[in-house]
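Working notes for the structure below.
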């Protein structure tokens, strides 16, 4: 046999008319035997075995064995009488020979035959490529199926009934696609080789040096957890429970969206349900990060409609912008107004005292503290300002708490190589940080926040257990790049968990057709997001292909897409993909040990944590009413005739305006509601035969705005857009559509 092994291969091919197949698995490619089925004239199949040359057994030999069919002949390979195939017959190899063909089936499952001196398997992407190298020392004979034999060796077969209707080019393209999707043979699992391995292994080596035993490490971990819990709890208690404000008592915890006046007619006729209008103070406490709180549906302020901006109406009325001369309409966001006035900080929140100042007639639009307030050029019955000198240092300590959580998570990540310790610790620590500190639910009672966080923890933990078992463990197992793991995985997880500071700045408040169509910048942002995700998906799919796992993941994501399409087809329901759902759906594509996968997996786990800790398990299917919130209802609008104006110039009487409408009201409605300057001033019902309304001008020199809605008992429909009675006595009819 020559050094390159070519003589062995040639002799086997010449004697038995066989050729090497690159499609064989690695363990079969190492064997020195080939088996073929030949059709015989007597209707039986002939099994031919080839034994390659071996220093112990002599040159290559052939044996023929008669068998009734292709299936059982392997089991009786040693029993039939051998005959010569182009050369004198040679005896079969010894049972303990490494070339014994029967050993393939006698091995325990999962055992690979070992052949000394055989070079390692050659990776290839093409199934038909010959995986020979110059240093090959053995013949690459294979065990092949009858269906893969040459034409003269193959048993008579009929083409399948389906394949004969498919053009050969399509069949070849389909086979090539299948071969490409399966990836290289054998697969190549990814593994991260640390940059500067001695530096990255230093924390683990240090731990092993001073705490060599397992029980020492467990004790150290328990002490670490206790220190983490105490540090976080002490800072959290100081942040959540503020001291009293001298003279005003304990402040009330309010949310970023809290207001002193409800929309439309919620405060009742003349606003009586929201009294008192003046001479009252309230001690309050605002959380941090309220500056970006916006209205998400069209909101009427006089004749204006605002959306996707903070609801802050008014501001400083003097050039010096003193706090004494700063006031806001009472339907403004309290915390947003306090930030706009410079009373508290958006970064840390704060406490203070607000006072009701009654009716005001001018609310300027002022751009201050990165908030542009809304102007209103008429009167409103209730306004508020802030008392100077009552600002208290009861700050929201979410940033110091972030420092505590970051410190402990980084230390644990650097000194822990076990995924079973690392992942649960990161999940629990970051979950409670989000739920209690960085992005808690909108509740004023902190004990309720703790209760909700614990209630959401159990189902979230179950989800994370499944994610860890099937996806995360594969990524982290055997990874000793401690610094890279901390920067990529843990850093990405914090980026996703702090979604209200990171991805929340993307101008897409809700992934719904309404928001994408109406929110400024939403369409370009969505295009960029989709293109970015597409590029990431292509890269991850390539990595999965190299590992030989692309087919199963294509099937998995095909199921995901099919389920989503089925949900979309359900009538009267809307599909809403929350970011915790995105995390669960996409994390499977990161289950490999590459640096991009570490980063993407951390981000997705962080998004899941933020979504559950902040919002809970919101349904993927929601009703239109749930998505609408306080938006327009789409109800019938009343028909109002042109008003009758009495300006009463020179008579000493105040101007007045009269509106009339036809009776009966449309079906399902029995009354009408009228707002003047966004306050309900009239509510009339059909059974009282009320078909008109007269309003006397309340204040000279300012316009007044009128809106109308139909009533069904105490429930109202949509209000019309505002009609304007100008200060000069002229009337501007309302535009079509709801407000």
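Any Cβ shown, glycine's included, is placed from N, Cα and C.
Whatever TrEMBL says is automated annotation, not expert-curated.
Of the given residue ranges 401-434, 469-502, 639-672, TrEMBL assigns the label transmembrane segment to 401-434. Sequence-distant neighbours of the transmembrane segment (598-617) (same chain, 6+ residues past either end, Cβ-Cβ under 8 Å): 192, 427, 430-432, 434-435, 439-441, 452-453, 456, 459-460, 463-464, 467, 471-472, 475, 484-485, 488-500, 503, 536, 540, 578-584, 586-587, 589-591.
Shown for the domain 'LCCL' (261-374): DSSP residue counts in helix, strand and coil, namely 16 helix, 42 strand, 56 coil. Long-range neighbours of the transmembrane segment (446-468) within the same chain, counting only residues 6 or more positions beyond its ends whose Cβ lies under 8 Å from a Cβ of the stretch, are 240-241, 253, 419, 423-424, 427, 431-432, 435-436, 440, 584, 587, 605, 608-609, 612-613, 616-617.
Sequence-distant contacts of the transmembrane segment (218-236) (same chain, six or more residues past either end, CB-CB distance under 8 Å): 211, 397, 400-401, 404-405, 408, 411-412, 421, 425, 429, 432-433, 436-437. With a threshold of 8 Å between CB atoms, the same-chain residues lying at least 6 positions outside the transmembrane segment (522-542) that come near it are 506-508, 515-516, 550, 553, 589-590, 592, 596-597, 600.
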